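See below for the structure under consideration.
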Amino acid sequence: MAAAEWGESEHPYAPKDLKLPGYVPCFLSQKDIVFPYLGVSFLVVSLIWLVSGRSKVSKTDRLLMCWWVFTGLTHMILEGYFAFSPEFYKEKTPHFLAEVWKEYSKGDSRYAGRESGIVTVEGITAVLEGPASLLAMYAIATRKSYSYILQFSVCLGQLYGCLVYFITAFLDGDNFAAGPFYYWWYYAFANGVWVVIPSLIAIRCWKKITAATAQAEKKIKTK
């Protein structure tokens with residue numbers, strides 16, 4: 001639907017009484033937003049996978065490098081735009097990042113409504129966890145001694161952010177999606193990725209750190 005066909009207060013989000021003065025609907029279709037995002041993400045991950053093949057790191061570490069670049073750029077570019085663009089829903093041109101958040105808000109209208117908790121979490125994620133994720137990729141590639149503790153710390157931050165995200169939605173009634181499709185794919189699945197993968201990485205890092213600590217203590221006792 002063209003922007004001109006919408007009234008100033010009309011929007012596709014839930015609840016319908018959400019006030020968004022000056023709202024301008026998406027110029028791009030869902031496929032024109034989702035497919036380019038997935039395509040660019042695939043190209044970035046593929047590039048890191050190919051480049052990392054030249055170094056002497058394991059396949060697991062190469063996969064982790066791909067993840068940290070993907071998540072770092074997502075935090076900094078996508079979430080960073082949201083955090084520092086309070087009126088993205090008023091954007092009157094097909095600005096891709098604004099279009100992404102207009103579309104995603106169909107799964108969680110707290111983004112369009114600029115709910116303070118969401119803005120805070122996304123701001124911290126963009127400013128701190130984004131650069132830290134790219135640093136984690138560098139640490140893996142160069143085999144820095146702080147690699148595991150850094151990855152573990154970033155994962156804890158991501159998991160904490162997800163907990164706040166899901167719990168606040170539940171406490172506030174969990175009524176922010178425009179429909180079941182948007183709820184399960186945008187709200188549940190897209191965010192669930194940042195629960196499952198960071199959990200697996202955190203467990204791996206915990207095992208690596210505890211094993212190294214036990215080995216160091218064993219050496220001390222044998223001296």
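Heads up, the Cβ atoms here are built off N, Cα and C, so glycines get one too.
Positions annotated as domain 'EXPERA' by TrEMBL: 60-202.
Taken from TrEMBL, the feature transmembrane segment applies to 33-51 (among others). Within its own chain, the transmembrane segment (33-51) has Cβ neighbours under 8 Å at 26, 62-63, 65-66, 69-70, 73-74, 96, 99-100, 103, 137, counting only residues six or more beyond its boundaries.
The feature transmembrane segment is assigned by TrEMBL to 63-84 (among others).
Per TrEMBL, transmembrane segment is recorded for 118-141 (among others).
Outside the transmembrane segment (148-171) by six or more residues, the chain places 64, 68, 71, 108, 110, 117-118, 121, 124-125, 128-129, 132-133, 135-136, 139-140, 187, 191, 194-195, 198-199, 201-202, 205-206, 208-209, 212 with a CB less than 8 A from a CB of the stretch. Taken from TrEMBL, the feature transmembrane segment covers 148-171 (among others).
Under the heading transmembrane segment, TrEMBL lists 183-203 (among others).
Taking Cβ pairs closer than 8 Å, the transmembrane segment (118-141) reaches residues 48, 52, 55, 57, 61, 64-65, 68-69, 71-76, 79-80, 82-84, 86, 108, 110-111, 147, 150-151, 153-154, 157-158, 161, 164-165, 168 in its own chain, all 6 or more past its ends. Residue counts for the domain 'EXPERA' (60-202) under DSSP, split into helix (H, G, I), strand (E, B) and coil, are 110 helix, 0 strand, 33 coil.
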